[in-house]
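K.L.:
My questions will all concern the structure given below.
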């Protein structure tokens, strides 16, 4: 058990490789990443046995930026017999179970990478799931309750019709979504598809049980670069009154709610109205990430907001390095003013050449 598989958006394999190498080294674990461009996944191989399991436990998954899923895997199973793929897969799971008790496992995902080529296997994976699940249940696995806070999900990751990895992820340190992708439905009345980015961000960064407390009708939000209103829509839907800042036009449907005030101003120059306590700042402006970071820092340092979600666009080559630099600079700015804060960043499914960042100031 010396390998991890990490899913990602195709084209971001190098960022995942750099990130997992950094995170592993912080724990004193060393290895190397196997990267295939545009494959949608990375294999990280540790030099020492059993260290992949340690990484899957000890690297906080919600602190990984570019990985959609993290799991311990077997060696690649190749040349599977189409007449009986299940037997060698069960044997591979049995070998893994000698180190990990799969009696605590609750779910099986038969997956592929998120590429057009791999998606051709999706119908097969869906049909293969039922007989494989039955075979694994005969081993006494997959019997734990899905609501439990410990245990594992079992994964069968097909890279070709006759080649797969088998593995597991920890329930308390993984993505609970199939392929690491949340399935969100585009609201028919939303002004733009960008609304799904903020919806996914809220689902990712804000615990469900806290959402009504942290986003409600008693709060005020500001949306910088709001036009036509995809992000504003998500705040209004949750009851906030929103100052929508943009020279462009906002969707008429948002004006009809009576919950927005359109401010035709430059997002970099706008300041919140005096005597108004702004709770939330959101921002999806197309600008250099270093400039956006400084803008967000200004809002937090001036006490203009308490919580923010914003995007950093990443058109450059050294994307991982740029992200780390921006996040470190923001952290230093806030720490120097003795502010307590929590910062998270994620390359969301609905993000493209960008990441989404969440910062919350604490009392």
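Backbone N, Cα and C atoms are what each Cβ position is placed from, and that goes for glycine too.
This is the feature table in Swiss-Prot:
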ACT_SITE  313  active site, proton acceptor
BINDING   194, 227, 228, 229, 230, 246, 266, 284  S-adenosyl-L-methionine binding site
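What does the local environment look like for each feature on the list?
P.N.:
Following the DSSP three-state reduction, the secondary structure of residue 313 (active site, proton acceptor) is strand. Taking the Cβ of residue 313 (active site, proton acceptor) as reference, residues of its chain lying under 8 Å away and at least six apart in sequence are, in sequence order, 286, 287, 288, 289, 292, 353, 354.
Packing around residue 266 (S-adenosyl-L-methionine binding site) is summarised by its Cβ count: 12 other Cβ atoms lie within 10 angstroms of its Cβ, all protein chains included.
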K.L.:
Give the residue from the binding-site residues 228, 229, 230 that has the most other Cβ atoms within 10 Å of its Cβ, counting over every protein chain displayed.
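P.N.:
Answer returned by the neighbour count: 229.
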K.L.:
Which ones in the same chain are close to residue 194 (S-adenosyl-L-methionine binding site), with CB under 8 Å and 6+ residues apart in sequence?
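P.N.:
Those within reach of residue 194 (S-adenosyl-L-methionine binding site), by Cβ under 8 Å and sequence separation of 6 or more, are 230, 231, 284.
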K.L.:
Applying a 10 Å Cβ distance cut-off over all chains shown, what neighbour count does residue 246 (S-adenosyl-L-methionine binding site) have?
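P.N.:
Taking every protein chain into account, the count is 22.
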